[in-house]
């Protein structure tokens, strides 16, 4: 045992030496990059690289999945409240004064590349020519007009989306919403083999665009604080932010949740509220809330030891997942940021660049900070508050008559008999938005649809109705045109346009 202990000690000493060498090499490379920054970008670049250095240091310290599976417990009953209970409290007469303490923050760092679009995802048209950003502004403007309030909108942009977003913001200059932006950090991608940055200087245009990345939405705390905007909003008397992904069309301001935060029934305010909703088979990979070392903790699939991944995905054991709709106290962000006390697990995101180079990105997730805040709470909200548009299959749902649009908010049509959304799977011919739009002369009637699968070269004429389960498969080289006015109910349509009962 003595010799085993000695060899373990030797091995950990050896690992420590390697870690120190890697950190030193990284520091040298980052100093070289910083030296290329123009004077007007120096301070900003220095902040970014310092933040990256801290993240890299933690990455070298941590090994393996970051949770001990044996310590994971189901959250205590009262730590996740049903939305119905919060709604049942009703609203106070002075809801306007409560609203005036709120700031809406949208995570706007993503590009529309997964849907074949250039530029910020928030500028993709989703409904009646309205973009994600248009709908967001309409929602907040409606609130401000209805209650005579001043709820501002803050966009967290990335270096990928900032210029295009700022250009488009001019169109809202007459709307009744103050709009602020700040940029999340810009971190260097690192070579998977050498663990050194692939960037040689600070530029991020032309051939250098692939050298940098925005480090996930967990970066909101540091960037918001460093931008000075956090302090300005606190000085204006703002107390809470409502944070959500800009592509989640269900993430509207909820007055009942806001009232629960501002006027808690037990007199003790929550610093952090995470909206969770019940898992379906489509959400098995979503992060879930657990009890871990006496604190609420968000556990993501990447943190789970391989042997327990199936258990993590089980709908019976972990019944809820994180919608990424979060309500956070501004004063708590300031306090924790100043103490450097926000602890988020590192997500290692491997990618292969166009030239074949394998790199890794170190990222963090905004919800992972829940364990750093006091008196955190989960609220189990209706599924309607989680309506993300990640693919053209999602886009088809929100463009269809399943939803009606009112003041920027989408609500499920009363004519739909079930509260759940149909399961839609569009094949690769529909991946890009422009291809998808070309294949539908008009969006089909989907009020009575349960399941739609489309594969291959398929187009839809005007006024098509889809009901029950519809499967349309055009074989390679074949093309299927669904004629105008067609009604497909429980049908399988295959290769040479044979229509069979399902």
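In case you wondered, yes, glycine gets a Cβ from its N, Cα and C as well.
Annotation for residue 247 (UTP binding site): same-chain Cβ neighbours under 8 Å, separated by at least 6 residues, are 110, 121, 122, 132, 388, 389, 390. Feature annotation from TrEMBL assigns UTP binding site to 121, 184, 216, 247, 390.
For 217, the entry in TrEMBL reads substrate binding site.
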**Request:** Compute all pairwise C-alpha distances among 121, 184, 216, 247, 390, the residues listed as binding UTP, and give the largest one in whole angstrom.
**Result:** 21
**Fill in**
Sparsest Cβ environment (other Cβ within 10 Å) among binding-site residues 121, 217, 390 belongs to 390
**Prompt:** What is the one among the binding-site residues 184, 216 whose Cβ has the most other Cβ atoms less than or equal to 10 Å away?
**Reply:** 184
**Request:** Quick one: pull the CA-CA distance for residue 217 (substrate binding site) versus residue 184 (UTP binding site), whole Å only.
**Result:** 8
